[in-house]
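S.K.: One structure, pasted below without further comment.
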């Protein structure tokens with residue numbers, strides 16, 4: 001016991017240092033302050049109905065109507081009751097404030113990997129900082145992409161588990177692999193996991209080849225079995241979520257479409273054919289890094305930095321604004337928060353993907369001095385992921401992957417790979433330092449690699465500092481239009497534009513010089529070490545301090561103390577506005593709201609208080625998105641009426657005042673139609689929706705013809721159908737009619753008769769899809785009770801997978817720890 005404790009104490013000290021570093025960066029967390037993160041606020045708004053329903057009933061509904069007129073709740077909020085391991089760890093860590101927690105976990109995962117590789121303890125701490133504080137990570141945190149950061153945090157642990165298995169430490173390696181895969185699944189960001197998986201494939205192949213060459217085929221087979229079992233257990237421990245996500249994804253914008261209509265194009269722009277499967281290619285590659293913009297990994301603001309702001313009161317723009325009579329406070333706010341300094345190829349940019357000058361210098365040095373075969377895998381993975389980040393700017397390569405690599409076309413924002421690349425930069429950089437400490441080369445032995453690494457990093461920075469203004473065209477096509485819209489005066493905008501170009505050059509040169517300085521300091525530290533002027537005990541903290549200062553200083557431009565707010569202020573964003581309060585006076589069981597204050601399909605604010613036509617989610621139902629893209633612009637009132645949009649929120653562009661307009665034409669929760677029209681396919685169905693009257697006609701795909709066979713509608717205004725009971729996933733209606741009728745419900749048709757089931761007087765009956773995405777039901781004459789219940793079979797299967805896998809994971813973790821302890825005893 002004493003021996004085990006004595007071995008653990010140094011690591012506990014190192015982990016404590018990591019926690020202190022995270023707390024220093026996000027110190028307002030310790031004062032009870034939080035980040036007002038956009039994506040988190042949107043997620044809370046979308047989940048509000050589900051949370052309130054759970055508080056009232058103690059049951060998590062499996063469907064919500066708060067966003068996009070309805071979608072499965074397990075994509076929004078809820079509980080996976082048998083995910084004991086992941087849930088238990090998350091609950092245990094929740095005592096640490098969230099921003100500190102995610103930064104700590106990023107560092108902890110990397111520390112685990114580096115110590116597994118035999119890296120010195122304090123050097124592993126340096127590597128942990130190098131990985132966690134890459135600028136993209138902080139930018140993601142500020143935006144609220146927390147699941148992405150958690151997913152990144154667990155990647156090093158997965159690699160550590162694989163390494164242990166390939167070394168023959170099967171039990172502990174399998175346990176570590178399964179544990180970190182469990183946490184990776186719990187983080188629930190498939191795109192990050194997918195990109196890292198692409199990088200892991202060549203690693204596994206490389207290790208397999210090595211074992212075969214060494215004649216250790218039996219060891220390879222055993223490693224394969226261990227990894228297969230541990231991966232199945234780890235993934236399965238949160239496999240229920242994967243199963244329901246996969247089931248749902250087939251119905252989303254990432255799934256297949258039945259439409260072959262040309263996509264609606266802007267005037268003067270040729271329409272393109274709708275994709276048959278996966279995301280539209282232009283949409284998937286909308287956020288792509290320009291090839292030249294990759295330099296931001298080394299020189300942070302070589303392309304200007306963030307889209308808005310980032311200049312100081314020393315800038316040329318500030319001088320122009322001051323000369324034009326703007327008061328100092330307004331001019332300062334304008335240049336710090338509003339100026340379009342960024343001039344790269346991304347539509348919007350929260351900040352650069354900066355890996356760190358010192359980190360990249362060490363990475364470059366590692367390319368020359370590291371003898372470990374991992375170097376070539378790291379280099380190959382780095383190149384692959386950077387190629388992917390280029391997206392549409394490397395169209396041949398990425399177009400091929402998009403068309404042929406499984407799952408690749410399900411994801412967008414390929415620039416995300418640059419966060420995974422940060423892991424490889426830090427990993428090889430630390431391996432380079434470890435090589436120096438182990439080999440202790442003379443200056444003569446290290447001279448050429450040292451000069452080469454300095455030239456590759458510092459030399460590039462020097463070149464851009466000297467020639468940057470002649471190398472780059474720092475103009476954006478819409479610069480003057482943006483500035484004119486901001487100030488209203490074209491002549492003033494032109495004056496600001498000239499100052500802005502000067503500021504872009506100034507920023508480019510300043511950051512090039514900054515990078516050069518950090519590279520020279522790092523190179524100088526290595527030179528001092530190899531010439532015997534400083535010892536290992538000095539080199540490690542010096543390099544650590546350089547990395548810390550370099551990254552902290554840049555990161556604070558994009559996530560700093562000013563971004564934190566009190567919990568009360570953060571919660572105030574979700575307080576009802578006068579417009580919300582006006583709508584909430586309507587006590588009808590269920591109706592919808594269309595919020596036109598911003599683009600409703602990417603804003604969930606209205607979802608907090610109302611059932612909304614819009615929302616904020618990465619996986620919208622494909623048919624719903626297609627309806628909004630094709631039919632809404634041509635038949636606005638028809639579409640919103642059939643979706644029961646009883647209120648439309650508008651904002652006056654002059655007064656900026658909001659108003660809720662009552663839409664008296666909204667068709668309600670259900671209605672009987674006068675006629676139905678059969679159409680042969682999705683194309684004709686969509687075309688019909690562009691002109692039809694949903695209160696009169698139901699449009700039905702030919703595949704449902706048997707369900708309405710022989711139905712002759714005798715319309716009678718005395719026939720009634722109304723909603724009598726509402727729960728998010730259970731709806732009850734009462735109908736009264738003198739003859740057989742066809743009812744249309746303003747509810748989304750989703751896996752009808754398998755997931756959503758319909759009942760008349762307690763007997764299950766089939767319902768059909770009408771109007772491209774709504775529910776229709778043939779109702780016999782008389783008085784009847786109609787019910788819809790959401791009971792997806794996939795959910796029961798998912799729960800079984802979670803239960804079995806979590807039991808297996810607990811057993812594997814216990815076995816791994818016990819067997820490893822005996823091995824070391």
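Any Cβ shown, glycine's included, is placed from N, Cα and C.
Caution: TrEMBL annotation is automatic and unverified by curators.
Heads up, here are the entries from TrEMBL:
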- 89-113: transmembrane segment (TRANSMEM)
- 119-139: transmembrane segment (TRANSMEM)
- 151-172: transmembrane segment (TRANSMEM)
- 192-212: transmembrane segment (TRANSMEM)
- 219-239: transmembrane segment (TRANSMEM)
- 353-370: transmembrane segment (TRANSMEM)
- 377-395: transmembrane segment (TRANSMEM)
- 415-437: transmembrane segment (TRANSMEM)
- 449-468: transmembrane segment (TRANSMEM)
- 513-530: transmembrane segment (TRANSMEM)
- 537-554: transmembrane segment (TRANSMEM)
- 798-819: transmembrane segment (TRANSMEM)
S.K.: Given the transmembrane segment (449-468), which of the listed stretches 219-239, 353-370, 537-554, 798-819 has the most Cβ pairs that are under 8 Å apart from it?
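M.R.: Comparing 219-239, 353-370, 537-554, 798-819 against the transmembrane segment (449-468), the winner is 353-370.
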S.K.: With the transmembrane segment (798-819) as the reference, which stretch in 89-113, 119-139, 151-172, 513-530, 537-554 has the largest tally of C-beta pairs below 8 Å?
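M.R.: It is 151-172 that shares the most Cβ pairs under 8 Å with the transmembrane segment (798-819).
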S.K.: Within the same chain, where does the transmembrane segment (537-554) have neighbours whose Cβ lies under 8 angstroms from its own Cβ atoms, ignoring anything closer than 6 residues to its ends? I mean 6 or more beyond.
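M.R.: Distant contacts of the transmembrane segment (537-554): 21, 25, 120, 122-123, 125-126, 129-130, 133-135, 300, 354, 356-359, 362, 433, 436-437, 518, 521-522, 525-526, 528-529.
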S.K.: The transmembrane segment (377-395) vs the transmembrane segment (219-239): three or more C-beta pairs under 8 Å (separation of 6 or more)?
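M.R.: Contact between the transmembrane segment (377-395) and the transmembrane segment (219-239): absent.
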S.K.: Mind checking which residues of the chain, 6+ beyond the ends of the transmembrane segment (219-239), have their Cβ under 8 Å from one of its Cβ atoms?
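M.R.: For the transmembrane segment (219-239), the list is 80, 83, 85-86, 161-162, 165-166, 168, 170, 173-175, 177-182, 184-186, 188, 204, 207-208, 211-212, 798, 801-802, 804-806, 808-809, 812.
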S.K.: Residue list, the transmembrane segment (192-212) vs rest of chain: Cβ under 8 Å, 6 or more residues beyond ends.
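M.R.: Residues 148, 151-152, 155, 158-159, 162, 166, 184-185, 219-220, 223-224, 227, 373, 376-377, 380-381, 384-385, 388, 407, 411, 416-417, 419-420, 424 contact the transmembrane segment (192-212) from elsewhere in the chain.
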S.K.: Six or more residues beyond either end and a Cβ under 8 Å away: which residues meet both conditions relative to the transmembrane segment (151-172)?
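M.R.: 102, 105-106, 108-110, 112-114, 116-117, 131, 137, 178-181, 183-184, 187-189, 192-193, 196, 200, 203-204, 207, 211, 219, 222-223, 226-227, 230, 419-420, 423, 815-817, 819-820, 823.
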S.K.: Give residue numbers and ranges for long-range contacts of the transmembrane segment (353-370): same chain, 6 or more residues beyond its ends, CB-CB under 8 A.
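M.R.: The answer is 130, 133-136, 289, 296-300, 379, 415, 418-419, 421-422, 424-426, 428-433, 435-436, 441, 446, 448-450, 452-454, 456-458, 461, 514-515, 518-519, 521-523, 526, 543, 546-547, 550-551, 554.
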